[in-house]
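The compositional bias 'Acidic residues' annotation in TrEMBL covers 502-515. Marked as domain 'SPX' by TrEMBL: 2-145. According to TrEMBL, the feature region 'Disordered' maps to 502-521. The annotation transmembrane segment is assigned in TrEMBL to 250-268, 280-303, 315-332, 338-356, 377-399, 411-429, 571-591, 603-623, 629-652, 702-723.
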Amino acid sequence: MVAFGKYLQRKQIEEWRGYYINYKLMKQRVKQYAEQIRGGSQHPRHVLKDFSRMLDTQIEKTVLFMLEQQGLLAGRLSTLRETHDAVLEQPDISKIVELRESYRDVGRDLLQLLKFVELNAIGLRKILKKFDKRFGYRFADYYVKTRANHPYSQLQQVFKHVGVGAVVGAISRNLHELQENEGSFYSIYDQPVLPLQDPVVEAIKTAVDKLTNSTSFLNFLAQHALIMQDDLQTPSEDTIDERTYHFNSLLLNLGNTFLYMVNTYIIVPTADDYSMSLGAAATVCGVVIGSMAVAQVFSSVYFSAWSNKSYFKPLVFSSIALFIGNLMYALAYDANSITLLLVGRLCCGLGSARAVNRRYISDCVPLRIRMQASAGFVSASALGMACGPALAGLLQIKFKFYKLTFNQSTLPGWVMAVAWLFYLVWLCISFKEPLRDTEEQERSKRNETSSSNNLTILEVKLFLLLIVNELFDWILLNEYAVTERIEEGIRKPLLITSGILPDDEEDCDESEESADDSRRPANSFGDAYRLLTPSVKVQLLIYFMLKYAMEILLSESSVVTSYYFGWTTSSVAIFLACLGLTVLPINILVGSYISNMFEDRQILLTSEIIVFVGILFSFNLFVPYTVPQYVISGLVMFVAAEVLEGVNLSLLSRVMSSRLSKGTYNGGLLSTEAGTLARVVADVTITLGGYLGRNHLLNATLLPSLVICIGSIVATCCTYNSLY
């Protein structure tokens, strides 16, 4: 593997060589610091201060040069503007062509400047990581946050791209004016989205996108989805062809997510009544609800493996399994069979395709819109969680058709069976299976052969004419359109991602593994587990805890509220729907405001403590249990758990090994399994607690939640300094 120092030296523009960050010098300085600290001649605090000053100087040198170059580009554009006005007054084809080429030259020089900024960003990211790794600090997080948020920060110049945007706007507008559109009175400002733009402008936009990433709500939701990305992938290396991306298929993928979440929670308000009508105890609702999660533990694995070969077939199987499962769930009432009820729910769990849903977005959606698709995944899940109980509250009718009974217990099964049937038809009609690499190569070869046989002489002439016309532009742009893949991901440059890096990622110049080994996906749960750092294991424990606490609250709500308060199914449905509707507003609050004000680890620990308080106040101890106590404590616990889930998954999406971004045993599967196991354990706890009687059920189920919560808080405190 090529060391970054050599890579930086090879990629530098010769005349700009003195303005790049001095990576070699900073690397040597880090080694000197290590020797001085070991020898006791230097205090760590002085090391941090000296290294911060050195970084400030290097960044200042780079940023001032960038601003100087932007000024030169602006001067060239101003001169071209004068020529442009003269050409418009006296049109001359040769001068127009020459002027367009001059604007493109400015654009190409801007591309060089953006590549200059990108290389420096990578260098800063690597040297900060090297410093943290050598000394065990989380200095990168501190340095970037303090510099990025300061009003006079040099990094702000890189973040805002104000000068770059102005130059791009001038180039784009003037090139558009010089196109052959004399009959048009519209400018680029009248047409915000141009169908075809000059290749130089498109290349600049791609380069700017690579340097732009923020802690916005959309980004927070995308990380909440825990859709793992390969650290080595960059926008210019995105192998997903925009032309093969199918929007309807993405909608169907999100539709599967939404319907599955509705299917999960639609039975919660009525599960206890259904169990009692079949001769079982009300607390058997825990087994009824949890049986779907039990099956999901196994289905997640084979769906994840299946998605390596196909997406359409797993979604079809999922729809059929859920259709059959809901049908069995609905028919169990007339068959008077609790076994048929449980088998139906198990069948529904076997149709859980959430691993496929995540994988489809990760593999088949272009990087340009992957964040929006990931946010859509989270939103669809949240909406389904709210719509499930709300729909159950509306199905308060009873009638018989032939020998089939339709009531509040069976209607959820019938409604979801019909919904999955319609979804299956839509899936078969509209879903387009993405082409795999081998299929794409074979298809392109067949298309090339067919095209070459069918081209007429006239078509050949026209084709050659187009090639001659565009060849010159293509040659000049080619070196900018394809960037060389390097050993570390530059999809999220350091200057934006607060220096957060996977613990298991090795510097290219210090790694003893080959490139293939370091990027090979995990082949088993054992391999995946060995890739987890202690801090990641703690975060998975936190995820288990919050899912356990939420499942206890939701699954036993109908039993607890009917016993203490005499609530009807409609009342329980309204309560659960209101809880579900808090998901998106809470994520907006955290993603847009709280995460920008506090460190993630601070939000993490605070949320855990609030969950602990919510659980503690949910106990029925000395005073009569009241509706306000139950509702307020449940709401506090649920909201805090939602905040905790968002921040926790956001951290996991950034610190998990890049080897867990692909393959069957990926990061999404690990999080799904942890959450599903938590739900299974919680539902089993509810059923076992039922043997103590309904009067002891609440405290019996809350006690394990409290113990696990305390354990997660202790684990977080022990690893607090390693969380970032």
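Each Cβ is built from the backbone N, Cα and C atoms, and glycine gets one as well.
The stretch from 250-268, 280-303, 603-623, 702-723 that makes the most Cβ contacts under 8 Å with the transmembrane segment (571-591) is 250-268. Here the transmembrane segment (603-623) sits apart from the transmembrane segment (411-429); fewer than 3 CB pairs are under 8 Å, leaving out pairs fewer than 6 apart in sequence. Counting Cβ pairs closer than 8 Å to the transmembrane segment (250-268), the top stretch among 315-332, 377-399, 629-652 is 377-399. Outside the transmembrane segment (702-723), and at least 6 residues removed from its termini, the chain residues within Cβ reach (under 8 Å) are 138, 533-535, 538-539, 541-542, 544-545, 548-549, 552, 600-601, 604-605, 608-609, 611-612, 615-616, 618-619, 651, 685. Residue counts for the domain 'SPX' (2-145) under DSSP, split into helix (H, G, I), strand (E, B) and coil, are 127 helix, 0 strand, 17 coil.
Within the model, the domain 'SPX' (2-145) shows a mean pLDDT value of 81, rounded to a whole number.
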